[in-house]
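Over in TrEMBL, the protein carries these features:
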type     : residues : note
TRANSMEM : 7-27     : transmembrane segment
TRANSMEM : 47-67    : transmembrane segment
TRANSMEM : 79-96    : transmembrane segment
TRANSMEM : 139-164  : transmembrane segment
TRANSMEM : 207-230  : transmembrane segment
TRANSMEM : 242-259  : transmembrane segment
TRANSMEM : 266-284  : transmembrane segment
TRANSMEM : 290-312  : transmembrane segment
TRANSMEM : 324-348  : transmembrane segment
DOMAIN   : 399-464  : domain 'HTH luxR-type'
Amino acid sequence: MAKGRASAQDIVFCIVLGLFWSWNWIIYQSPTSLTVALGPVALPSRFLLLLSFAVTGFVLFLLRYLGDGGTRAQRRVRRYALAAGLGAVILLTDLADGSFDGELGGAPFAVQSVAMGVASAFLYAEIGELFGSMGATRLRFISTAAIAALVICVPVQISLYWIGGNTREGLMVAFLVLVPPVLDRLRKHYSLKEARKVERARIPVKFVLTLLLAGLALGMLQGIFTQITAAEGHSALNPQSAIGFLLAAGAAAVVVFRGRLDFNRLIYQTGIPLLALGFTIVALNGNAFVGFMLCVAGYYMTQVVLWVLCVYLATQSRGMVRWLFALMGCMMALGQAVGLISIDTFLYGLDHEASVLMATSLLLACLFMSTSESPYESWGMVRPAEHAAEGDIDTACRTLALDNLLTARETEILPFLAQGRSRKVIAEKLVLSENTIKTYISNVYSKLGVHTQQELIDLVQKKGREAGGDAAQL
């Protein structure tokens, strides 16, 4: 989004993210009264979906963490084939049920639930990898895109709720199948290079615990509110709860850009406490719908901040971007499944007691995790709104070029290196050979006193923050 203007691809990126939020809500996050009956066992709605999501997410995490094999072309074929295959299974299970009407039961419903869980994990990892590959130089745009996507998905999910089940199912499958080629197109436009397939990094424990906590809260919330929407005359509360997305977008915009809070305060002093407030209203016999909307707002605000946090974490280790979002989806789905089954099995009919338990647990967890002093969890002090923006990066590159007497061609190459671009991409952009670019890069490293591209990115980021701070004082 150069010079403060959004390109057509930036808008497409926001729309894809908004449709992805809608997919999540329609497929496995909104409350519903359906159950899966497998012989004598009756499981709560979407438990199979969430369990398959968590298992698939963990498998994707392992494959990407350990390094999945094959060339880039082979991986692309696998991605396209998986999306098409899952789409076919989802449609065929509906046809096998007797008629294509979007209403399933018994074994076809169970099979479709598993397929949708696998598809959700796949989408989470794919869209997340593109999102995370943007890098810290676009952190403000990424934050803006994530918030704008929340607004975009509100009319989408309300419309999807009221249209026929077969039409809704067809649109969701179309989205699933079209995502891989659209992401490849966006990746090419943004000149995003693929991270090396094996690059290990320490898994941030506090981050993982936060994911489980947020998922657990959503699962319990879903179980409680399912009992409310199942009552006669209350089914319309399901689409109306999308208002919580608008609250999440508004709250996130205020605290990120106006309040300029760091990740610790955004997550543990704003987002999760908002979730706890919603549970508290339900526990005190207040308006359950208001409580639910506040919970949705708190959850999605927390999720947006966690997605932006993933981008920051990925800049600390380039290999992280390949597996971090797969791990994120896995942990949140696992937490949601546990929360859902606990309400259905142990706390059924105990809405107020469960709400008190969840509100207390959320607040105690915030108190514990916001005070972590581990050097591996230093991300809590980072403020996404004050992280070096694109304009600051451009200024930093010009300043470094002047201070270190870079040539015109070296000055031209420096911004590409600061954005994490590969030698091949730079060669294509400047229409030069890779060997020539390699020589220029060596000269840039030597003049700036760095040895790796990551050291150069860190140097430019530091200079960019200084430039942003100087501008703010004027």
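Quick reminder: no glycine exception, Cβ is built from N, Cα and C everywhere.
The highest tally of CB pairs under 8 A with the transmembrane segment (139-164), across 79-96, 242-259, 324-348, is held by 242-259. Between the transmembrane segment (207-230) and the transmembrane segment (7-27), fewer than three CB pairs separated by 6 or more residues in sequence fall under 8 Å, so the two stretches do not touch. The transmembrane segment (242-259) makes no contact with the transmembrane segment (79-96): fewer than 3 of their CB pairs lie within 8 A, with pairs spaced 6 or more apart in sequence. Each residue of the domain 'HTH luxR-type' (399-464) gets a DSSP state, and the totals for helix, strand and coil are 51 helix, 0 strand, 15 coil.
Beyond the ends of the transmembrane segment (47-67), by six or more residues, the same chain brings 27-28, 36, 110, 113-114, 116-118, 120-122, 124-125, 197-198, 200, 219, 322-323, 326-327, 329-331, 333-334, 336-337, 340-341, 344 to within a C-beta distance below 8 angstroms of the stretch. Sequence-distant contacts of the transmembrane segment (266-284) (same chain, at least 6 residues past either end, Cβ-Cβ under 8 Å): 210, 213-214, 217, 221, 224, 251, 255-256, 290-299, 301-302, 305-306, 309, 351-352, 355-356, 358-359, 362-363, 365-366, 369-370, 384.
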